[in-house]
Amino acid sequence: ALEPLSVGLAIGVASALTGYLSHPSFYCSYVECCPSAGKRLNATALKVQLNTKLFGQHLAKDVVLKAVMGFSNNPSPKKPLTLSLHGWAGTGKNFLSQILAEQVHPAGLRSKFVHLFLATLHFPYHDQLNLYKEQLQNWIRGNVSACPHSVFIFDEMDKMHPGLIDAIKPFLDYYEQVDGVSYREAIFIFLSNAGGDLINKAALDFWTSGKQREEIQLKDLEAMLSVGAFNNKNSGLWHSSLIDRNLIDYFVPFLPLEHKHVKMCIRAEMIARGYAVDEEVVQAVADEMTFFPKEQKIYSDKGCKTVQAKLDIHEDV
């Protein structure tokens, strides 16, 4: 038979070990955990990531940095942060949303607390609109219940069925709770090509008038984007209550990229592949890109979207 002292000691050791292993600091070093309520984003780290990885988007950098840091530093936000990113393909919308997601959850898009929806993949059939609405509400409700700091990214908003996104309106509104769940610490990001033409025209107008693109301010484009998305049947936000009720905090414009920005993308991709930057290769890849308008050829019509594929051809060099 075991001595009472031995049994007591064994139980004590087992209890202490169990307590240590279950402590959040130990457990969360091996299993992804939802950030604690008091955790704040690192403004310096976010700024460095945006400055070193996102090219030619002074407006988007400035607006998103200020919006996210203000939201993160607010101990009691009145609603979730909601951003709508607009611009042509290849200008950095997906890139920025990934950087932001990684600052909230280090695993980024691989995190179980970051949720990416693609309109053409997750909501393909118009005749199942009501089913999609119910599924979307249940998914968001369940995930925010598990982690209040969840991030939801809706890509291809310009291909989303009109009316579908309004299903999440209660979660974006100024409610303390909805059915016992608070959504105030979540982040919602919409990505859309809609409004790209309006942004490009405004950028070209600035160029024509002799102004620098860095002089373009949010006030020059945001109202135009909001009205354009509301009235565009292909925006996914057509006649949306999210706009009507002012539930989207910022409409963020992504400007068309110039030659110098495309070259920055090429250099960054070469470095990411472990290559030494060769300016002859940079120029050769840039020369294979197409630019608009036809006469001036100022802006890349695909942004940096095809840089990786173009660089593949020059790998032997």
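Cβ atoms here come from the backbone N, Cα and C positions, even for glycine.
Bear in mind that the values here come from a model prediction, so they are computed numbers and not experimental data.
According to TrEMBL, the protein carries these features:
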BINDING   Gly87, Trp88, Ala89, Gly90, Thr91, Gly92, Lys93, Asn94  ATP binding site
DOMAIN    257-312  domain 'Torsin-1A C-terminal'
Would you mind listing, in sequence order, the residues at least six apart from Trp88 (ATP binding site) in the same chain with a Cβ closer than 8 Å to its Cβ?
Asn193, Gly196, Ile199, Asn200, Phe254, Pro256, Asp301, Lys302, Gly303
Remaining residues near the recorded ATP site, that is with C-beta within 8 Å of the centroid of the site residues Gly87, Trp88, Ala89, Gly90, Thr91, Gly92, Lys93, Asn94:
Phe95, Asn193, Phe254, Gly303, Lys305
Provide the number of Cβ atoms within 10 Å of the Cβ of Gly92 (ATP binding site), excluding the reference atom itself.
27
Select the most exposed residue of Gly87, Ala89, Thr91, Lys93, where exposure means the fewest other Cβ atoms within 10 Å, treating these as the binding-site residues.
Ala89
For the domain 'Torsin-1A C-terminal' (257-312), DSSP counts of helix, strand and coil?
29 helix, 5 strand, 22 coil
Would you mind checking how many other C-beta atoms are within 10 angstroms of the C-beta on Asn94 (ATP binding site)?
18
Taking only same-chain residues 6+ apart in sequence, whose CB is under 8 Å from that of Gly90 (ATP binding site), what do you get?
Leu257, Ser300, Lys302, Gly303, Cys304, Lys305, Thr306
Between 0 and 100, where does the mean pLDDT of the domain 'Torsin-1A C-terminal' (257-312) sit?
95
